[in-house]
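Since the structure comes first, as structure tokens, the remarks are kept for the end.
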Amino acid sequence: MTVSTAIARLNAADPDFARHLDHLLSWESVSDDAVNQRVLDIIKAVRERGDAALVEFTQRFDGVDAKSIDDLILDRARLELALTRITPVQREALEKAANRVRIYHERQKQDSWQYTEADGTVLGQKVTPLDRAGLYVPGGKASYPSSVLMNAIPAKVAGVTEVVMVVPTPRGEVNELVLAAACIAGVDRVFTVGGAQAVAALAYGTESVPQVDKIVGPGNIYVATAKRHVFGQVGIDMIAGPSEILVVCDGQTDPDWIAMDLFSQAEHDEDAQAILVSPDAAFLDRVAASIDKLMPTMERADIIEKSINGRGALIQVRDMQQAMDVANRIAPEHLELSVADPQAWLPHIRHAGAIFMGRHTSEALGDYCAGPNHVLPTSGTARFSSPLGVYDFQKRSSIIFCSEQGASELGHTASVLARGESLTAHARSAEYRILTQEKGN
């Protein structure tokens, strides 16, 4: 049995290709006035009423019979219990994935440094981890334990003192895999709250929920809107759009493999985007046939079909160099280089969240256990953004120590520049430190 999908076909030789591509890529999630106002009301309530507001919203939105905030707190012992409630195979997979993620992120750690100039002046940079990070995890059956690993482990590697996780438990439904992942990743505290109210609690603190320095993790439109509103009070990772995959293929990979790689992102939601670029028109036809053949075998076929038909595309290009140009124009979240010699083409890629090299490297491996982070820039923001990493949980302070001679010498320069800006106090502050014998020079 096969189905007939209506995936878009584009050709880079078409005079209107750029316009068609822009239309394909266009996606904007704008919170409407009602969502914005509701989120602002929730934030205000949490700031004013703290724990009581959290309990009330959790009862209302999640259907949880919580009498007090104590009913919404999971201690470390509960996380350890979750490890015993998952299968040995699941635990082994989580621990292996966590170990690989940890090893990779250890290489990202930045260290402080200093250097000393001839006159004894010392300049440098001090790298310090954040004190506390907040991790938002979606709840219910759609929970992703892999996201817990990807968000929490870099924070712990960075040296963050405390990682606080919030995860809703709709109708009391607890995902043991998520709690087990939190235990393995080193999460310190868990609160079973979600939505905008959880974001507000992390940003401003309540009697029980500690205020954090940065909030990371995905969520629905209410969570994303709340993160926008609290940014500045705390740091945030990003406002993520729908998941994306762009596959560049020379036409020599099994078309079933490519179709399934496209499905792997399309199954996330109807707005996800899956695009294949190839110079081989016949190969595009074979992949289209594989899509139709494999679609009925998918558990989430309805979602995949809507995604493929609504935002997917098969794009024919002149050659592999033009394929690179198209890839850089799209700046995808996930980029597969399913080609014979991916290393040869890697220097041509400037904009991508993660690059999967070669025919055997499916994007799914990066999602779960390869090691690099799966929290990636979407919606073209890979042009200026990077994957989540240890550096997102570290901050840098400049170090300046001037010797007497150094302060005297730099004082002349600072004085000239400060007076040029009519900032007399700046100038005089520097001038006071000029050595007496140099003041007349």
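Backbone N, Cα and C atoms are what each Cβ position is placed from, and that goes for glycine too.
Matching Asp131, Asp188, Asp367 to the substrate binding residues that Swiss-Prot gives (Ser243, Gln265, His268, His334, Glu421, His426) identifies Asp367.
A distance of 20 Å separates the Cα atom of Asp367 (substrate binding site) from that of Asn220 (NAD(+) binding site). Cβ environment of Gln197 (NAD(+) binding site): Ile42, Ala45, Val46, Ala53, Leu54, Phe57, Thr58, Phe61 lie under 8 Å away, each six or more residues apart in the same chain.
With respect to Cβ neighbours within 10 Å, the recorded positions Glu333, Asp367, Glu421 differ, and Glu421 shows the lowest count. For the recorded site, Tyr136 (NAD(+) binding site), the DSSP three-state label reads strand.
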